[in-house]
């Protein structure tokens, strides 16, 4: 790496090695460089070391990690390149926020809940002696808030983080990073957890700011669809190494490495899927699940208003909605976990009691639930086989041997290695855990399976395998499925019909192809327009 | 916020009222007859009956309770059966002496606990952390009289005879006029209370230091001193305040044993004497006082919790 290259680039990372204090390598020689005004996307799955590689650009290593070689060279706006890793902690601190700034993954956790947002931005300016006077700094706070599309006035600055929405919090985070006019920003999955409309807004803000101010951006993400919409160049990480790098066009259209190809294939696409043989809804037969006029109110404010939907045998209905739309409340009502509703939930034409306590064992067996996070829905002290056996113990008269047999058969059905049956959940990967959770739901051969955001806690490639599994199971068993999600891109991959839930009401429903090609409601059109495509 | 604090205040007053009921009932159940305690075993039934009438002991229970409660509310704690003087006068000097002990112990142990907890949280996993954690666990496991006796052995008798082991208070002279005799009682109370605060502070602070906003503050380039004082400490104080409150409230009761141990002329000593003499009025006054300290300290902790949490601060009602 010659000095000349280093001068041209705002950030040069060469052969960076990081290991844990016990000597296990985390990064095995990572190299990348970013020019001013350029966006480099660092793509990889959880555990690939991408966040470690990003934080190293600020000379920061999390607890238990130590640098083991390589260089990080950052170039301030006006000045000579500085070797980040050779500086002491004091000197690194003076570069953080001024030369290299960081935008965190979850703004709700990263903003100090007890400080007003204006104060948190002003604090960066004060720490680095930006501007000559307090008035000048106050003006800069207002200016940078306006730049990210927020009101810069005094009243807004006096708000606390909990008084802002997720998207606004993230833009405060961006304002904080851009306040001192850094030459490099590191964005660590800044749109994970935001709904698509907000995500589009945040991505646009980032793209605009980096281009306008000639800032080099390192954009860390696992979402290749987002990469396509923001990045100039892409580097793909696997097991602490960059396995492929190039322009976004090259990497996304002509991937060389098999891992990159797998990642790209796994991305759910609005236009993709298709291979799923969709059956025509059978109008005559009684639907397996019918919800009529269902309304719920929490403390006087309505959460669901007169919701009605049906799911036929072997059919999959995608219930689409953003956070706060009431989609989880709806599925909890169907499952009997929330009994304070009006309206009816009918199974094969027979109304169900509101609460699980008053449903018969047969009815309980017939409606099963898979939760969002496989990390918290499995009892950490029970082995997988024990967890899967619980519904059989509670709801059937099978003896021990028969139960064991059923458990083994179900685990095989969800393609879970029999060797894992005796393990505890924390010895399994996220995907394996979610398979176990699905097995637990399927072990009673339910008529209706409720899947509540079952893939949103998982990596993209794991998501693809879970979706495939659910599709196959539906084919084989003829289970009616209510698939609750915020991700419209999954529609063609799993569902026959879509119901769009907004503010507690179903604003649109119909066959997948119809809704995606010719959306009737403006909200659906907005969602489609904001969903990033490859 | 004002409504939230007002609610806590109302609850505190209600609890205090419940305590007056309990205290009154408890003293009713106390064995022995005050009139007999005053007049001695040889008293004639007539004289006892006369004294009963004089002390108002013949009136129905609820009337006696209301009379007493009315007195408490207006600051009249009644007349001591044993010494025949007003309780307030009797306890005035004692309360001041105990308060000195309590306030000194509270201030020192809180400051030391918070500082030591923060310091070890910042040195997690290093030798200093292990040493402090181990030592605080050992000290926390010892009851106050063991610590007190150990300190007496160590600092005022055989090993280093530096400090007085009992308090000598000539009448009319306040205890704090000889500061050296305050050292051992205060030190005992500090050693009982500070380890809990230290351990709790270390645990809470460790959690806060691992939080996203502390990492973010460091990545913003905020100087480490400000990261600790502005971003970490305020979030650790809220939960720890509850523990401090429980500990300080314990001090109010724990002081009884420690005062006895060091012959310290405070309310603890007065309580023990009063119980021995069947001095009902004094027992009631002191019990109520200790309960009031409990309640006030807990109220303060709640207010600190509310003040350090902007979500509660801005909440309209709950």
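Each residue, glycine too, has its Cβ placed from N, Cα and C.
Positions annotated as transmembrane segment by TrEMBL: B:9-30, B:95-122, B:134-160, B:180-197, B:240-262, B:282-308.
Note: the stretches the transmembrane segment (B:180-197) and the transmembrane segment (B:9-30) are not in contact (fewer than 3 CB pairs below 8 A, sequence gap of 6 or more).
Nonlocal intrachain contacts for the transmembrane segment (B:9-30), taken as residues 6+ away from its ends with a CB within less than 8 angstroms of a stretch CB, comprise 61, 65, 68-69, 72, 278, 280, 283-284, 287-288, 291-292, 295-296, 298-299. Only residues 6 or more beyond the boundaries of the transmembrane segment (B:282-308), in the same chain, are considered here, and those with a CB under 8 A from a CB of the stretch are 1, 4-5, 8-9, 12, 15-16, 19-20, 23-24, 26-27, 30, 68, 72, 77-78, 80, 82, 87-88, 90-91, 95, 102, 234-235, 237-239, 241-242, 244-246, 248-249, 252-253, 267, 270-271, 274-275. Beyond the transmembrane segment (B:134-160), the same-chain residues lying 6 or more positions past its ends with a Cβ under 8 Å from any Cβ of the stretch are 116, 184-185, 187-189, 191-192, 194-196, 198-199, 254, 257-258, 261-262.
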